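> According to TrEMBL, the protein carries these features:
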BINDING   Tyr226, Thr238, Ser239, Phe240, Leu241, Ser242, Phe281, Asp381, Ala382, Asp383  FAD binding site
DOMAIN    3-132  domain 'Photolyase/cryptochrome alpha/beta'
REGION    611-662  region 'Disordered'
SITE      Trp315  site 'Electron transfer via tryptophanyl radical'
SITE      Trp368  site 'Electron transfer via tryptophanyl radical'
SITE      Trp391  site 'Electron transfer via tryptophanyl radical'
Amino acid sequence: MSGCSIVWFRRDLRVEDNPALAAGVRAGSVVAVFIWAPEEEGTFYPGRVSRWWLKQSLAHLDSSLRSLGTCLITKRSTDSVSSLLELVKSTGATQLFFNHLYDPISLVRDHRAKEVLTAQGINVRSFNADLLYEPWEVNDDQGHPFRIFAGFWEKCLSMPYDPEAPLLPPKRIISGDASRCPSEALAFEDESEKGSNALLARAWSPGWSSADKALTTFINGPLIEYSKNRRKADSATTSFLSPHLHFGEVSVRKVFHLVRIKQVLWANEGNKAGEESVNLFLKSIGLREYSRYLSFNHPYSHERPLLGHLKYFPWVVDEGYFKAWRQGRTGYPLVDAGMRELWATGWLHDRIRVVVSSFFVKVLQLPWRWGMKYFWDTLLDADLESDALGWQYISGTLPDGREFDRIDNPQFEGYKFDPNGEYVRRWLPELARLPTEWIHHPWNAPESVLQAAGIELGSNYPLPIVSIDAAKVRLQDALSILWQHEATSRAAIENGTEEGLGDSSESAPIAFPQDIQMEENHETMQNNPPGPVRRYEDQMVPSITSLVRVDDDETSSGIHNSVGDTRAEVPANVNLNEEPRRDTLTEGVFQELRPNNTRPMYGFSLGLHNEVEESTAESSSTSRRERDGGVVPVWSPSASTYSDQIVGDESGIGNGSAFLQRHPQSHQIINWRRLSQTG
């Protein structure tokens, strides 16, 4: 076929195991392109540390491509599809290759790209480079998507065919003619951010070759004792792969295959501890897979709870609480240490992510989307799908999530994950001289001990912003309100006077606080809705047109805080003796936590970010996957209402059931048909 091929890079910034790049090389000459259009992400404009990582990773990718015979063309745009059209015209390209993404915005954008370019006579193919199996390949015996993680992961591990082996990088690339489309300089940071960003380079090395080294180091080192050490918050016991996985610098398939090789080796040696470590680590990979699976099948999971009744939870709307939490001034040492580490490094161990997010949702009862958005803005490994899974899990809004009435005491969690207090002492120097006996609950320490340690509670270290006992009472009161509203709604439904739990159109979600630069773009993202349903070669795409919609009703919060966010400042508007006000919402929101056992883990990918975030590469079809793309049906969720119950537990999704079994009538997943109406 005459003409060159455009390979469109997104979150697949590697030359190894990149099926779109491999397809382009096989087809002939290649023009490699990266389009920077952050405005398309709406509310989820990439944060400072994410943009720093992206800048370094793109530079590394460009260097790698140049060594193979071509270069990376970078473009700044506000409309990726329009930019692709311009590139096609200027290069004379006849084919476009790219790898799949599964977040709602990308699904709609990719669908539109295929519609528009196919109409122009361009051959468009897309591939699986981010998962072991495509979401539409994993269903239960009735052909429906799984509602709980345990069933999903069991099916993945018992598939009749293994994930395909990772591809080698191309030996060389024939460069297409890009003389008429020169690269544009991309600005990923401003002057005020450069000083902070310079510190990140001391701890992290973005780029696919660095990701490969990190994987090798983990497999040959900490992996064997992962089951024993993964909970240690103050040591390098996890893989630190999550940012590499998010940006696609290493593929999930490569991680999976290399870890499985170790599993076979240790099984032959009779190394039970090693086998257990591999199984736990692979589960973290499974959780990352599941996050994409949920996002594909429930495209609003990053905005509202999957359990419809939780839209009635009365969240506490208090910017003072939110500010104290962000600044690490809650009075609970483990929580404060985690939040200060996050601000300083852009990273948190998965267990600390669980602690701080659980505190946010259960103790402070702040809207979960506030927490999720803050982690999005501050984490190196911020990942929409993984973050949504994590926050919904912690908040009890998944069918197999944690019980919503469960509160973890940060004092006890401190002695569990930081038994010697070293983590707290590192990030809270004001408590460094406090004996380990009191390090996680200084408010109980004798006055003489506090004086000897140089601590004056309420002055150089705050008293607890909320007592755990008071939080438990408030949470029970809030749940009572929730059940009352839910019962009223159910009665109205039975009487035919209300549409149902999935309809949240009467409520106005809580707006993001204004003092932390969380601006929202309330314009709809898709000005060009997808056309009629049609079949594409290799990707299932949404058939609903309002899939990506930023909540217009989010503007209705009565919260105003003009105080700037300075980390060293103690919140002036937090009254420790005052009960925060409640605003009743019909939309549930929960923190997302991704337990990563690598380094960064909080955009939270349940047990995955830290343990491992991966990008897998390979094309797939509804039956056997083919490298060049096979026919895959258009995405069309089953007619089932998906109202099954679920279960949850601290050690991972799908292990506990107490809360949901006590309230089986309420745990219905929001009907996907109503999502476009309730956005």
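Using the three backbone atoms N, Cα and C, a Cβ is placed for every residue, glycine included.
Predicted, not measured: the structure shown is a model, and the values here were computed from it.
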> Can you figure out which of Trp315, Trp368, Trp391 (the recorded sites) comes closest in space to Ala382 (FAD binding site), comparing Cα atoms?
Trp391
> Considering only the recorded positions Tyr226, Ser239, Phe281, Trp368, Trp391, which fall within 10 Å of Trp315 (site 'Electron transfer via tryptophanyl radical') when distances are taken between Cα atoms?
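Those near Trp315 (site 'Electron transfer via tryptophanyl radical') - Cα within 10 Å - are Trp368, in sequence order.
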> For Trp391 (site 'Electron transfer via tryptophanyl radical'), what is the tally of other C-beta atoms lying within 10 angstroms of its C-beta?
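So the Cβ neighbour count for Trp391 (site 'Electron transfer via tryptophanyl radical') comes to 34.
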> If you measure from the C-alpha of Trp368 (site 'Electron transfer via tryptophanyl radical'), which of the recorded positions Tyr226, Ser239, Leu241, Phe281, Trp391 fall inside 10 Å?
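Checking each Cα against Trp368 (site 'Electron transfer via tryptophanyl radical'), the hits are Trp391.
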> Between Trp391 (site 'Electron transfer via tryptophanyl radical') and Leu241 (FAD binding site), find the distance joining the two CA atoms and give it rounded to the nearest Å.
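With the alpha carbons as reference points, the distance is 20 Å.
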> Looking only at the domain 'Photolyase/cryptochrome alpha/beta' (3-132), what is the mean pLDDT?
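When the pLDDT values over the domain 'Photolyase/cryptochrome alpha/beta' (3-132) are averaged, the result is 96.
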> Which of the listed recorded sites (Trp315, Trp368) has the least company, meaning the fewest other Cβ atoms within 10 Å of its Cβ?
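Ranked by other Cβ atoms within 10 Å, the recorded sites Trp315, Trp368 bottom out at Trp315.
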> Using all protein chains in view, find how many other C-beta atoms are within 10 Å of the C-beta of Phe281 (FAD binding site).
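Taking all protein chains shown, Phe281 (FAD binding site) has 30 Cβ neighbours within 10 Å.
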> Judged by the number of other CB atoms within 10 angstroms, which among Tyr226, Ser239, Leu241, Ala382 is the least packed of the binding-site residues?
Tyr226
> Could you put numbers on the helix, strand and coil content of the domain 'Photolyase/cryptochrome alpha/beta' (3-132), residue by residue per DSSP?
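Taking each residue of the domain 'Photolyase/cryptochrome alpha/beta' (3-132) in turn, the totals are 65 helix, 28 strand, 37 coil.
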> Quick one: largest C-alpha distance among Tyr226, Thr238, Ser239, Phe240, Leu241, Ser242, Phe281, Asp381, Ala382, Asp383, binding FAD per the record, in angstrom?
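Looking at Tyr226, Thr238, Ser239, Phe240, Leu241, Ser242, Phe281, Asp381, Ala382, Asp383 as a set, their Cα atoms extend up to 23 Å apart.
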